[in-house]
Amino acid sequence: MGVLRLLVLCTLAACCVARSPPAPPLPNAPFAPLRPLGCNDSEVLAVAGFALQNINRVQKDGYMLTLNRVHDARVHRQEDMGSLFYLMLDVLETGCHVLSRKALKDCGPRIFYETVHGQCKAMFHVNKPRRVLYLPAYNCTLRPVSKRKIHSMCPDCPHPVDLSAPSVLEAATESLAKFNSENPSKQYALVKVTKATTQWVVGPSYFVEYLIKESPCTQSQDSCSLQASDSEPVGLCQGSLIKSPGVPPQRFKKTVTVSCEFFESQDQVPGGENPADTQDAKKLPQKNTAPTSSPSITAPRGSIQHLPEQEEPEDSKGKSPEEPFPVQLDLTTNPQGDTLDVSFLYLEPEEKKLVVLPFPGKEQRSPECPGPEKQRTP
């Protein structure tokens, strides 16, 4: 029995000595958790500005967005790869069309009864030592302010109207005809109406914004505007058509106004805009510019969704409010994170990868968020 007991003890000792090697760490594990940041922090505001510049720059349609406030901000510091910011931004639509390529500082928000507001979620990569600024992904959701809110604040103010309404098209075509008649050297054709409001002044009045393109016709060719043309929009016009009581047999007297602003010409590479140029090229050294042969890699993933106005039902008391700006942005659902290849930003032999985590929710938000609004929305 003593010999048997000795054999058992020896066996246990051998098992303890011959331990298996420790398990390797999980690949792609995050270097550190997301850290909340104050929404009025100077670094956060700077990164939010860069993110919106890039979002505006990659758009082909619509109006530029400006920052109203930072709603939430987190950062993931990643050693030699710099930082990846996760931002939720409250935004306002400006009066500058994205094709104008104006500096955002020159574009103010719209007057309150034309307010279009919303939220954007964005991921933004910053590597200061390597002078890299990059927008991997974004999504935005926008809504106009409801007619009910506008009417409660200003019953006589203009309110939005359907862009396809016959009176809207009439206002656009008649104001463009006026512009063409006053500028006979070159004629322009309507591309599409982008904004329209209506108001009763001394009669029904319509105020429109619309894109125009060059027309190959002269002033004497009335049917030329119907010819097909592949030319790009060259400007944005603002027109109005005000109808007042006329002298019989005329029912209405029409007053038409128009002004047009032309876009600066944009040098395009074959196949469209070079997405590498959208990553704030002035901030990056030449060697870090992404090659033009890989536009699909460098272009940020995202879109801007336009939703109809959100009316608040009269019996909504006690009910959970509907999310006004539903925005989803998830490059991964893996809580441990996945990697995103950004080697094209560095152009070095070794691979460069960012760790991307699921976009954070409201939990563990900084007490300094949301930040202060620049403009109070209706």
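Indices start at 1 and increase along the chain as displayed.
Note that Cβ sites are derived from N, Cα and C of the backbone, with glycine treated the same way.
Per Swiss-Prot, the residue from Cys107, Cys140 that shares a disulphide bond with Cys120 is Cys140. The disulfide entry in Swiss-Prot for Cys237 points, among Cys217, Cys224, Cys260, to Cys260. Of the cysteines Cys107, Cys157, only one is given by Swiss-Prot as the disulfide partner of Cys154: Cys157.
Among the recorded positions Cys96, Cys107, Asn139, Cys140, Cys217, the residue whose Cα lies closest in space to that of Cys260 (disulfide bond) is Cys96. Secondary structure counts, DSSP: the compositional bias 'Basic and acidic residues' (362-378) has 0 helix, 0 strand, 17 coil.
Other Cβ atoms within 10 Å of the Cβ of Cys217 (disulfide bond), summed over all protein chains shown, number 19.
Mapped onto three states, the DSSP output places Cys96 (disulfide bond) in strand. DSSP classifies Cys154 (disulfide bond) as coil under the three-state reduction.
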